[in-house]
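**Q** What TrEMBL records for ASP93, LYS95, ASP98 is active site, for OMPdecase activity. Look at TrEMBL and you will find ASP40, LYS62, THR159, GLN223, GLY242, ARG243 tagged as substrate binding site. Annotated domain 'Orotidine 5'-phosphate decarboxylase' per TrEMBL: 34-258, in sequence order.
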Amino acid sequence: MSSKSQLPYGERAKNHPNPLARKLFEIAETKKTNVTVSADVTTSKELLELADRLGPYIAVIKTHIDILSDLTPATTQELQALAEKHNFLIFEDRKFIDIGNTVQKQYHGGALHISEWAHIINCSILPGEGIVEALSKTAKAADFPYGSERGLLILAEMTSKGSLATGEYTRASVEYARKYKDFVLGFVSTRSLGEFDAEKEEGDFIVFTTGVNLSSKGDKLGQQYQTPQSAVGRGADFIIAGRGIYAVENPVEAAKQYQKEGWEAYLARTGQLSH
Ligand code: 5BU
């Protein structure tokens, strides 16, 4: 476990060099939530309704914007307005995975205009270091107005059965995160990657863990779940839940329950639980 995992979000916010990381920790601390809802619905109306109803209980909304059947610029504009209203960040789970020249065009402009509305994006490092460099350059370009409000998560591990994102791939994820730490916020992984942190170089990378579900162990297509308590115990700073929240009868109650469990696990990990 990374030693930073033991520190409260507020303290990590104070010392973090990355402005978006500071903002994220501040949101978590203010709203007392480490929940990211994965809003994998397929119409704009459903997405915006979820964002508005769950907004008070979440730190981040994670989207797959390309699964919306009726996407228009108004959808992402309204999502941004809801992010302001409820103080959460937007994470587009686009999983860039291509040569630098292509991912720059996929991130900035194109049909989806991701760089204009998503605070957080993610990429696989299968193509090598160039993908991180290219995305970082786009976000840090002098004529890009939102640079201080953009960050990247490296997909260091995956939750699906038989995932090949392991070993050397995961180790290199940590190496590139260190090298591009101005832009890389941290990882999507199933645990803290502290074992790869050389003591003297340790950065404060944020761990997002997908595959969190309170009532299921997995699905028929290879997804593998763990509970909020288990994920946070293994080093997740932010837990990501999709169907466990949006696909149940009362998503608001579910979001509150994930918020409570995620927050208590965080308090326990950071030694802040009063007995
Ligand atoms: P679920 O409904 O909680 O199973 O949704 C999980 C979400 O997280 C879904 O959007 C996936 O695309 C995403 N995901 C994942 O499940 N596992 C991973 O390793 C990564 C993303 Br990376």
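Any Cβ shown, glycine's included, is placed from N, Cα and C.
Help me picture where these features are in the structure shown.
**A** For the recorded site, ASP93 (active site, for OMPdecase activity), the DSSP three-state label reads strand.
LYS95 (active site, for OMPdecase activity) has a Cβ environment of 14 other Cβ atoms inside 10 Å.
ASP98 (active site, for OMPdecase activity) carries neither a helix nor a strand DSSP state and counts as coil. Counting only same-chain residues six or more apart in sequence, the Cβ atoms lying under 8 angstroms from the Cβ of ASP98 (active site, for OMPdecase activity) belong to GLN106, PRO127, ILE131.
Remark: GLN223 (substrate binding site) has THR159, SER160, LYS161, GLY211 as non-local neighbours, by Cβ distance under 8 Å and separation of at least 6 in sequence.
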**Q** Show, in sequence order, which residues other than ASP40, LYS62, THR159, GLN223, GLY242, ARG243 on the same chain lie with their Cβ within 8 Å of the centre of the Cβ atoms of the substrate site.
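**A** Sorted by sequence, the hits are SER38, THR210, GLY211, ILE240, ALA241.
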**Q** In this predicted model, what is the average pLDDT of the domain 'Orotidine 5'-phosphate decarboxylase' (34-258)?
**A** 96
**Q** Mind running the recorded positions ASP40, ASP98, THR159, GLN223, GLY242, ARG243 against ligand 1 and keeping the ones whose CB falls under 6 Å of it?
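**A** Among the recorded positions listed, those whose Cβ sits under 6 Å from ligand 1 are ASP40, THR159, GLN223, GLY242, ARG243.
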**Q** Measuring Cα to Cα, how many angstrom lie between ASP93 (active site, for OMPdecase activity) and ASP40 (substrate binding site)?
**A** 10
